[in-house]
Amino acid sequence: MADLRRSTVFFTEQHLSYADILPPLEVRSRIEVAVLNFLKVLNSSTPAISILPMINRKKSNSRVNHGLLTEDSWIFLSRSFCTRSLMRENTTKSFMRVWKMMEMCYEILVKEKRVTQRELFYKLLCVSPDYFPSQVQVNQTIQDVVALLRCSRFSLGVMASSRGAVAGRLLLQEPDQEIVDCTTCGSSGYAISGDLNLLEKLTMKTDARYIFVIEKHAIFQRLAEDRVFNQIPCILITAKGYPDLATRFLLHRMSRTFPDIKILGLVDWNPAGLAILCTFKYGSIGMGLEAYRYACNIKWLGLRKDDLAAIPEESFIPLKPKDLQIAKSLTSSEILQDNYKEELAVMVQSGKKAEIEALYFHGYDFLGKYLANKIVQVDYI
């Protein structure tokens, strides 16, 4: 993956900040060095409480890395730093959280365990309730530690919680396990593991020509139940809403393993649907230090504004304030290509949105026909 980072853009090594995948021993060494540096400053002739410098994860420090030799793009963070300090009132608690989180991660690595963010939250809620009253503080502090130590979340012993599933023309084999044929997994599909190390070791084979990334689990189930992969040589994958890391990682792996397969997104025609698509395509700013590890060249198949004529007027839903907030955020970012900006502008101007289920007006078996007609336009989206 380091080769990918270096080969796509000439200036990458000067400007790109990223988090490495490191063995537990090296991560523990980095934590130990942080502690020793802190004690060294504290015990010097002019003692002080040292600050914690970390890569800034704000939008102002994010960029989009466009590949020169490929169509791949992803969000990255440049080398701009922010700090956590015990001496500044607005960062005191954040400063303490980082040290507590490093302690927890060190303990996890020593015990050779892996935990989810949710498990960490309940542990920290018991031992440090004043500093970790909600899951938000845990998630943000994990990313602070990633930005401080420059190692991936997975390297810290934090495992992804997966909601995702995959179905269709894909054979999967975990090490020392039987081959799983994803055409026989039923409408619920094959559950994607949250263990990124296991996903990295999966052996995969396929004769598919398309990967359909489905926003909603119910739509995924409908397509799997209709066995759309018998009519269209495809793989179906869903994260059941906003994409989790494990599903994004598996999709990224498939894009590398099968570079000739087209990856196509089926999402609601609303700002949230477009935001989900962009997360698969570029990654997220919050995880910009390792976004390249989860991004893929996905194209927006539908719903698109050209599909609206097939949807009855009664099926449209008014945009809500949250929709407009997401639209504003997308518009102000650098990630949207021009035709996606046009789609977003039409949504905002019309003041309405449409869900994939609106296509059921034409019958419950219409989705397969819709996909078959849409893939003809793939080169133009």
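Using the three backbone atoms N, Cα and C, a Cβ is placed for every residue, glycine included.
The active site, O-(5'-phospho-DNA)-tyrosine intermediate annotation in TrEMBL covers Tyr122. TrEMBL lists 93-158 with the feature domain 'Spo11/DNA topoisomerase VI subunit A N-terminal'. Summarising the annotation, TrEMBL assigns domain 'Topoisomerase 6 subunit A/Spo11 TOPRIM' to 210-375.
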(Q) DSSP-wise, what's the residue breakdown of the domain 'Spo11/DNA topoisomerase VI subunit A N-terminal' (93-158) into helix, strand and coil? (A) 47 helix, 4 strand, 15 coil
(Q) If I restrict to non-local contacts, at least six residues apart, and a C-beta distance under 8 angstroms, what lies near Tyr122 (active site, O-(5'-phospho-DNA)-tyrosine intermediate) in its own chain? (A) none
Q | Across the domain 'Spo11/DNA topoisomerase VI subunit A N-terminal' (93-158), average pLDDT on the 0 to 100 scale | A | 92
